[in-house]
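Each remark here refers to the structure printed beneath this line.
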Amino acid sequence: MKIIRGFAQAEKRLSRRDKAGFFLDETERTELARRLGVDPEKAVNGIIADVRKQGDEAVLGYTLKFDRANLSKLEVGQPEIQQAASEIPAELFEALQLAASQIRAYHRFQKEAVWKTAEIMQGKQLIRPLERVGLYVPGGKAFYPSTVLMTAIPAREAGVKEIILVTPPGANGKIPAPTLAAAQIAGVDRIFACGGAQAVAALAFGTKSIPKVDKICGPGNIFVTLAKKAVFGVVDIDGLQGPSEVLIVADQYANAEYCASDILAQAEHDALASSILITTSEDLANRVNDIVESKADTCSRRDIIKQSLRDNGLIAVVDNINEAIKLANMYAAEHLCLLVKDSEKYLTQINHAGCIFYGEKASVVMGDYVAGPSHALPTSGTARFSSPLNILDFVKYIDIVKVDKQDIAKLGQAAATIAKAEGLECHAEAVLKRLE
């Protein structure tokens with residue numbers, strides 16, 4: 001990993017000012033354009049148009065083209081879903097159940113807090129869950145049951161009436177059993193074997209098989225992200241997720257092995273993942289770098305890890321923790337680890353992060369699977385203005401206005417005066433009539 005020294009150098013390297021198109025990595029975009037013969041955004045817009053026009057036929061056609069799965073129907077039957085639990089190792093099923101209980105407890109606690117606020121606002125505001133949401137879970141060659149739990153359980157706890165899940169099938173046309181088992185545990189209502197931009201379009205506009213939803217949540221590749229961007233406004237979305245990232249703030253007391261293991265775990269995601277260590281200790285920087293370089297060769301995904309660390313890995317040595325915290329706030333990482341002495345006292349200084357992990361046992365991996373908060377987090381600096389997926393993503397508020405005689409007497413003339421000033425005479429008249 002590259003090691004740099006000094007706040008100014010670190011600030012320059014960690015600046016995101018030139019990363020406005022974070023989910024459109026130029027290398028990836030150029031390669032995709034070469035392979036497709038068209039810009040990815042144009043390709044996605046074409047897929048969306050086809051799905052709007054041809055419905056299920058287009059979704060099935062693109063599933064055959066991109067996933068090599070020749071399906072006659074898109075929906076996964078309930079017998080197949082119910083059987084999935086018996087097809088996975090008991091240890092995995094129990095682990096998924098434990099993770100689900102943690103996620104459920106966390107979001108139930110949040111729900112209670114949200115509903116208490118609603119009680120305080122009684123008579124002024126209503127809170128209502130969304131009717132139907134669509135969850136996108138990556139699939140195909142890999143499977144991610146954890147993402148099923150992390151997106152579906154917050155929706156279920158919020159009171160969403162119907163949860164639809166889409167995920168790409170394998171070439172055999174099947175959804176992996178762990179994904180189906182997780183969906184059953186989380187309370188997903190319906191599952192469809194499709195992915196990519198075609199699945200997002202189907203959720204946004206509806207087809208004969210796939211119902212139109214109110215909101216689409218979940219991470220995906222560049223095509224999924226561009227499709228979510230394109231349909232926003234027709235439906236709501238949770239955000240535009242880019243490559244995963246971790247930023248570790250560490251002092252001389254930090255465990256170098258722990259720092260290195262979290263860096264390797266992050267780099268293991270994909271070649272675009274970012275792994276950053278900011279430390280006040282030159283000695284720790286060198287030890288972590290040595291461990292990472294020696295262990296990278298022993299990992300099964302060594303090629304991905306090496307490319308990720310080469311392109312997006314960084315160690316910065318700064319003078320003090322205050323400088324490190326300032327850099328962390330500037331970067332607004334998806335995952336922020338505080339591996340420093342008395343780490344809890346620095347929580348109040350953190351303004352921008354998707355999720356904060358503090359205490360030396362708090363590996364990001366715990367947040368990925370079992371800690372409780374959703375692992376669907378803002379990336380690429382969007383933690384400056386957006387939040388992790390949670391209960392509030394699946395509810396909406398309706399304001400209430402009640403006006404009695406005292407209210408109209410007190411406020412009516414002011415409303416009419418403002419309306420007249422804006423040239424809206426009928427507005428003014430609607431109020432003045434009530435003052436008669």
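Our numbering is plain: 1 for the first residue shown, then up by one each step along the chain.
Glycine residues also receive a Cβ, built from the backbone N, Cα and C atoms like all the rest.
What Swiss-Prot lists as NAD(+) binding site is Tyr136, Gln198, Asn221. For Tyr136 (NAD(+) binding site), the Cβ neighbour count at a 10 Å cut-off comes to 28, with all displayed protein chains included.
In the three-state DSSP reading, Gln266 (substrate binding site) counts as helix. Long-range Cβ neighbours of Gln266 (substrate binding site) (same chain, at least 6 residues apart, Cβ-Cβ under 8 Å): Ser244, Glu245, Val246, Ala273, Ser274, Ser275, Ser308, His335, Val364. Annotation source Swiss-Prot lists substrate binding site at Ser244, Gln266, His269, His335, Asp368, Glu422, His427.
In sequence order, Pro243, Ser244, Ile304, Ser308 are the residues of the chain that are 6 or more apart from His269 (substrate binding site) and have a CB within less than 8 Å of its CB. Sequence annotations record features per position, and here Swiss-Prot assigns Zn(2+) binding site to Gln266, His269, Asp368, His427.
If you look up Swiss-Prot, you'll see Glu334 (among others) marked as active site, proton acceptor. Glu334 (active site, proton acceptor) counts 28 other C-beta atoms within 10 Å of its own C-beta, drawing on all protein chains shown.
Swiss-Prot lists His335 (among others) with the feature active site, proton acceptor, giving sequence analysis as the kind of evidence. Summarising the environment of His335 (substrate binding site), the number of other Cβ atoms within 10 Å of its Cβ, over all protein chains shown, is 26.
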* C-alpha of Asn221 (NAD(+) binding site) to C-alpha of His427 (substrate binding site): distance in Å? -> 49
* Structure fact -> Cβ density check for Asn221 (NAD(+) binding site), other Cβ within 10 Å (all protein chains) comes to 18
* **Integer Å distance between the CA atoms belonging to Tyr136 (NAD(+) binding site) and Glu422 (substrate binding site)** => 46
* Going along the chain, which residues six or more apart from His427 (substrate binding site) have their CB under 8 A from its CB? -> Ala415, Ala416, Ala419
